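Enquirer: Okay, here's the structure, questions in a sec.
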Amino acid sequence: MRSSQFILLLLFSIGSPLLFSIRDSILALKTPLEQSRVEILLDKTDQNYCIPSGMISDACCDFETVEKINNDLTPRLRELSKTKFFKYYKLKLYKECPFWKEYGMCVNQACAVETTDESNVPEMWRSDVLGALQTSQAGTFFQPFKKCEYTDQDFCVVEDESDSEGVFVNLLDNPERFTGYAGASASRVWKSIYEENCFNIIPPINNNQFNNNHFASSSTGKQLGNILQNVARRSDPTDNEEICFEKRVYYRLISGLHSSISIHICNEYLNQTTGQWGPNLECFITRVASHPERLQNVYFNYIVLLRAISKAADYLNGYEFCTGDKNQDLQVKAMVSELLNVARSCPETFDEKQMFASPESRLLKEEFKARFRNVSRIMDCVGCDKCRLWGKLQISGLGTALKVLFSYDDEYLK
């Protein structure tokens, strides 16, 4: 898939709905009970549950800088996400789980993904074009174009656009939201990610809290305050001084991804009484707000993505956005250029040169990549089609950002 689409789409996915919409949504809640909860969550004098301040751990900038740059980027990203180049995504939606037999398929209608016929996408993206034969160097033999799952530079398994089993999805028709997918299947996915692929950095939650739909019971403002105070005393698993910088970064990326998914679910939650979609405050409290480090790791993901975009800015400025619609392609190119100018105006956010700097860390870098690739494979074990779609998209975006940061020198992307 087009690398520029991956990074920019993920920045939109993680950033704007999450740092912008959630807070506005909870501020809009009207009942006295809801307002009492909001006052606690947004209390700047206490734990700063929804408005963290100061420097972001393991980063080069503060939360306020991220808020400012996100406010500038959000409207641009919203418009980009509506264009033909960015709204279509091709993937192999149904692949066998490589690690275990997966029987926990979601039967809820909300889990379904609406695919789009190839006739709706640009001609040069269609299977008959991408699957064309190529000539060998000798010029006397023809062989099918083949693509391996990943190269040495990749941090995730790469979707093969020429795969005839791949399907096109209009992301605007399939927003990331609550689907009802939970239970043993969902829990197994996150347990595998954290317990087997996070360098033994385990979040302070029990087995029943990896993924479920059972949220905190309706509590008074005072009760909620006590809950948040008690939970906030739990230490961040990356606070251990024995955990090296590279492993802390890895864990923050996974935690930030998990929190991003949770917040999207809570922000687009189905009220089964009214049948309306909207924010679910109890969901947000239970999954994110009562664990301040989770929200902070979302900001961390954002600055890593922002740094990757800034590093690849020259490459992205020269990229040809080809969809067959010349006017829209020129418009997209101009929109991306404006977005890159905003991103570049941001002070330094993350210094990737601190990572894998010593000769001894070469093996750690390979292990880092191998574990991240495993996480991308685990996405095929998700038993909900829509959850799998967005899991694959987001892990591919993070993997592309890591590839930009750690597989190429600055000069290569000029």
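The backbone N, Cα and C atoms fix where each Cβ goes, and this holds for glycine too.
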Enquirer: Check for me: which candidate out of Cys346, Cys387 does TrEMBL give as the disulfide partner of Cys384?
Expert: Cys387
Enquirer: Between Arg177, His258, Arg287, which of the binding-site residues has the fewest other CB atoms within 10 angstroms in the structure shown?
Expert: Arg177
Enquirer: Nearest to Arg287 (FAD binding site) in three-dimensional space, by Cα, is which of the disulfide-bonded residues Cys111, Cys322, Cys384, Cys387?
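Expert: Among Cys111, Cys322, Cys384, Cys387, Cys387.
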Enquirer: Around Cys387 (disulfide bond), which of the listed binding-site residues (Arg177, Thr179, Trp190, Ser255, His258) come within 10 Å, judging by Cα atoms?
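Expert: For Cys387 (disulfide bond), the binding-site residues whose Cα atoms are within 10 Å come to Arg177, Thr179.
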Enquirer: Closest of the binding-site residues to Cys322 (disulfide bond), Cα to Cα, picking from Trp190, Ser255, His258?
Expert: His258
Enquirer: Just to be sure I understand the packing, how many Cβ atoms besides its own are within 10 Å of the Cβ of Ser255 (FAD binding site)?
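Expert: The answer is 26 other Cβ atoms.
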Enquirer: Please report the distance from the Cα of Cys384 (disulfide bond) to the Cα of His258 (FAD binding site), rounded to the nearest angstrom.
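Expert: Here the two Cα atoms are 16 Å apart.
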